[in-house]
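Annotated features in Swiss-Prot:
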- ASN8, TRP9, LYS10, GLY189, SER227, GLY248, GLY249: substrate binding site (BINDING)
- HIS105: active site, electrophile (ACT_SITE)
- GLU183: active site, proton acceptor (ACT_SITE)
Amino acid sequence: MQAWVIGNWKQNPATSHDVDALLNELCTAISTTKQLSHNNSTRCQIMVAPSFLHLAAVSSRLKDTSVLCAAQDVSAYSASVGAYTGDCSAQQIADVGATWTILGHSERRQYHQESNDTLLQKMTHALTQELGVVFCIGETQAQYDAKQTLPVIDSQLAVVKKLIAEQPEVIDSLSTRLIIAYEPVWAIGTGKVPTVSEVSATHQYIKQTLAGFADSLSNMTVLYGGSVNADNADSFAADPMIHGALVGGASLKAESFLAIVTAFSKGSM
């Protein structure tokens, strides 16, 4: 299975100059790294998700490369246009060249109180505009301590289950247009990292749950996110249940980001 490594830049970098510098560093490093050459790019798909403000510029810069560009969110209220101050629609995102979007990140759930109903609307709009969706799920520290990881995952994956129930016509496309990113909230940016065996078992549960929704979802891509870095990427990449990584802070430096990409490129061989 092809691996995926996705850099979620969040609200970074601060300036267009810094974005250009990061892109130049990233593209130069990719072109000079044998394992990341065009001939080997099918082993690991690289994608970056800049802020809305930089999305068009980054998408344009990456147009003739193997690196994909994603948004970090889409509007829940309209797939196209409307009086929704501050929102960007899926159509607008697709129009500037992005082909994917992240949805359901824990920071969006926490700071913007995003519910399952909201996420269902966003996912519907994204798929309507032919955007792929990286759907983030994961438990908090309190839920982990209470051994509620699997029930929490069930409740969050209910968005996918409801999507299929309400729009069965999308089922066949989800195997290539939906990626699940398991990000335990307590591990994001904290330096705390679950064991590889814990992540592997959780990924197996996610895959089994999705397969229960529809036979065509039996081989879904499931990524891990949460303090993934150059030092621990090899151990995650070696596990067949872990198909890649959603990377936060480590994606803001080309060297550390590409070390993770290289690890998963080797792991998918």
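Each Cβ is built from the backbone N, Cα and C atoms, and glycine gets one as well.
What you see is a predicted model, and the numbers here were worked out from it, not measured in a lab.
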Cβ neighbours within the same chain of GLY248 (substrate binding site) - under 8 Å, at least six residues apart:
ASN8, LYS10, ILE188, GLY189, GLY225, VAL228
Cα-Cα, whole number of Å: GLY249 (substrate binding site) versus the residue listed as 'active site, proton acceptor'?
14
Counting across all protein chains present, how many other Cβ atoms fall within 10 Å of the Cβ of ASN8 (substrate binding site)?
26
How many other Cβ atoms sit within 10 Å of the Cβ of GLY249 (substrate binding site)?
18
Far apart in sequence but close in space: which same-chain residues, 6 or more away, have a Cβ under 8 Å from HIS105 (active site, electrophile)?
ASN8, GLN72, ASP73, CYS136, GLU183
State the count of C-beta atoms found within 10 angstroms of the C-beta of the residue listed as 'active site, proton acceptor', not counting that atom itself.
25
